[in-house]
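Per TrEMBL, the features are:
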type	residues	note
BINDING	Gly355, Pro356, Asn357, Ala358, Gly359, Gly360, Lys361, Thr362	ATP binding site
COILED	155-186	coiled coil
COILED	536-644	coiled coil
DOMAIN	727-802	domain 'Smr'
Amino acid sequence: MSDAVAALECYPETAEARLGFDVVRAVLRAQTLSPLGAEAVDQMRPLRDREAVCLALQQVEELRQALRFDDPVPLEPLFDLRPQLTQAAPEGARLEGEVLEAVRRVLALVRRLAAYFRDRQAKYPALAALARQLRPLPDLEQQLAQVVDEEGRVRDEASEELWQLRRQLVRMRERLREKLLEALRAALRQGYAAEEQPTIRNGRMVIPIRVEARRKVAGFVHDVSASGQTVYIEPASCLALNNTVRELELAEQREVDRLLRKATGWLRPHLPTLRTALEVLGYFDLLQAKARLADQLEAYVPEVGDDGVIALKAARNPALLLHFQRLKETTGEQRTVVPLDLTLGHTYRTLIITGPNAGGKTVAMKTVGLLVLMLAYGLPIPADPSSHVSVFDRLFLDIGDAQSLEADLSTFSAHMQHMAYMLARADERTLILIDEAGTSTDPDEGAALAQAILEELTARGARTIATTHHGALKRFAYETEGVENGAMQFDQVTLSPTYRFQVGVPGSSYAFEIARRMGLPEAVLERAQQLVGVQQVALEALIRNLEERLATLSARQQALEATQAQLEQLRRDYEARWQALKQETAAIRQRALEEAEQLVREANARIERTIREIKEAQAERTTTQAAREALERFRRRLHEAQRTLTPAASAAATSDRPTLQVGDQVVLEDSGTPAEVLMLEGDEALIAVGRLKLRVPIGRLQRLNRPQQRKQTRTSTLPALTARTRLDVRGLRVDEALKAVERLIDEAVASGAQELEVLHGKGTGALRQAIRTYLQDRPEVERFEDAPWEQGGPGITRIWLK
């Protein structure tokens with residue numbers, strides 16, 4: 001829907017077909033779902049505005065993603081109702097029920113499609129903006145649904161009168177059928193009839209009677225069979241009922257006609273909205289066809305430029321791709337398109353491609369033109385997505401047999417006519433493709449004309465690709481700034497084309513080599529080489545030698561790139577493994593320190609409890625303070641060790657660990673704390689630090705000495721703590737109960753338990769209140785509350801620790 005945007009100018013009129021876009025358009029048309037989409041394909045025009053091209057490509061890619069990965073996109077059913085909408089415009093017009101049902105279905109499609117992209121605005125912004133042009137008409141959709149059913153038949157309940165008429169018709173038709181069957185059975189008994197069922201002729205119910213008995217059955221003849229052996233008679237006894245049925249049918253038809261005219265009138269105010277909806281739906285059909293074609297071609301959206309630069313990577317000719325796909329479907333033959341890497345417009349504006357006949361020069365040039373044209377049509381192209389393709393204002397061609405019998409022009413004159421047109425309009429936003437430049441006339445004069453034309457086009461800034469066999473144009477490309485040589489590679493052993501493009505060198509025609517292979521006598525070949533001249537033969541030989549060397553270098557470069565890619569992958573693998581090892585080492589170290597801290601916390605709780613017991617025994621304040629200070633010093637040393645230790649230090653220590661035995665006296669290297677080795681397990685040791693037991697890496701330990709005789713007794717260690725979470729204090733005095741609660745909390749803090757229960761019973765509530773007053777003074781307690789009723793209610797206090 002880019003009618004207001006200027007179109008790319010293509011010259012001549014047959015330019016699209018000469019490039020092969022007619023094949024692409026035909027396949028695209030076959031992908032549409034409706035005549036509206038097919039017409040949109042026929043009417044689409046190539047764009048020359050970069051923003052318009054980018055928007056068209058974005059719309060295609062968004063719909064492509066939706067079709068691939070999202071819920072089904074509502075795109076059907078879609079009918080071309082434009083003639084019927086025109087028919088509905090005059091006052092009093094009447095559309096058939098099937099047409100009104102088609103309108104209702106289109107309205108339902110509009111509603112569903114608009115809602116689909118309204119709900120996905122962030123995901124598909126370009127399509128959401130397009131769908132906002134659709135204006136749902138739910139009231140009209142509902143009105144039509146109340147008049148016609150899915151088959152387009154006017155519903156019985158469309159009006160009260162119609163409902164009554166159809167009820168009467170059912171009854172009268174049944175009575176008439178019974179009357180007819182009665183007459184038919186009588187005729188059968190008398191041998192006047194051969195068939196057993198009534199039928200309809202001229203809108204009247206009749207019975208079939210043998211022609212020879214037609215006067216023996218009272219009634220009216222309405223028709224005669226094709227064989228003339230049967231007449232269809234309306235019995236006189238059925239005349240009144242038949243008249244009644246016919247009158248009811250006519251009344252029904254008048255009511256149906258009235259309802260259809262009324263429903264058609266409902267459309268009239270919305271005709272512009274409906275026409276816009278059909279246009280947008282047709283464009284959506286075009287977009288889905290583009291998306292499916294892109295999938296078929298494995299196409300991508302390149303970087304779209306406005307700078308006149310073309311940089312194709314792994315580009316494949318779409319017409320050839322489609323042709324090979326059809327070939328595989330029909331014959332099973334598998335053929336592949338050789339990818340093309342080609343650059344134009346960056347360091348040089350004109351590219352001259354040379355090489356042998358049937359070597360792929362023209363196909364390479366057409367591939368460039370066709371991909372530029374597809375991009376202008378808003379179509380993704382079969383090339384690597386890193387490719388860069390510019391949008392142009394003009395695309396000029398001189399390809400194929402340009403002889404014009406109508407204009408009485410020779411092939412050469414037609415070429416010159418094209419050149420004159422191009423030279424009059426070429427500028428920096430023009431792409432020009434010239435096949436076999438300088439042919440169809442005297443070779444020397446043709447080469448001179450071709451060079452002069454290419455010089456002028458280059459000076460004007462036009463981007464030009466020309467194919468040729470003229471050696472003079474090869475030298476021209478080598479000597480002229482802004483012009484570059486290119487060649488199609490050729491296998492010098494098999495004398496067959498590889499169809500691979502190579503920039504920077506001219507191509508040899510391989511005329512003598514191919515002629516020799518075809519069996520031309522050596523004497524003839526030698527004479528031909530003499531006529532060409534020593535310098536020309538030497539030049540061709542030099543070109544062939546250069547091509548061979550470049551092919552060898554290219555193969556080596558590919559091998560080197562493959563090796564570099566392998567080495568880079570190995571480097572990434574080893575880097576990933578090294579990082580994983582570092583993280584694992586750090587995690588192990590962290591876990592060890594966390595275990596040590598947990599042990600310190602347990603020891604802290606035990607020591608605090610001991611201090612409280614000392615207080616209760618009225619110990620000296622200095623003794624209590626000294627114990628607290630010693631504990632705090634140990635805790636600070638442990639935290640300092642955690643901050644300073646690194647995985648690297650840990651690994652280094654582990655690699656140089658001492659030989660230890662159970663019972664050795666050691667110190668922790670990072671804190672200087674003395675300890676005794678209690679157990680050795682692999683790379684770790686269980687040590688006793690005072691009354692604490694710690695599990696540490698052996699690398700952190702330094703042996704002080706090894707006693708001559710193993711000690712008979714070891715330093716006493718902390719016993720394992722068993723966490724209690726429930727306490728029953730019923731029957732205890734208040735002071736006894738509070739001491740029990742204190743021990744419960746101390747043990748819970750040491751073991752890490754966080755939820756406790758104290759069963760004190762309900763009674764007078766005194767014990768419950770005393771316990772809760774005590775809990776309020778304990779800093780370790782976060783909160784407490786009654787247990788749920790089903791678990792004991794006020795008789796149990798539930799406690800949560802910090």
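Including glycine, each Cβ sits where the backbone N, Cα and C put it.
Overlay of TrEMBL feature records on the structure.
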{"residue": "Gly355", "record": "ATP binding site", "CB count, 10 Å": "27"}
{"residue": "Pro356", "record": "ATP binding site", "CB count, 10 Å": "21"}
{"residue": "Gly360", "record": "ATP binding site", "CB count, 10 Å": "23"}
{"residue": "Lys361", "record": "ATP binding site", "CB count, 10 Å": "27"}
{"residue": "Thr362", "record": "ATP binding site", "CB count, 10 Å": "18"}
### Query
Per-residue pLDDT averaged over the coiled coil (536-644) comes to what?
66
### Message
DSSP secondary structure for Thr362 (ATP binding site), reduced to helix/strand/coil, please.
### Response
helix
### Task
For Gly355 (ATP binding site), just give me the three-state DSSP call.
coil
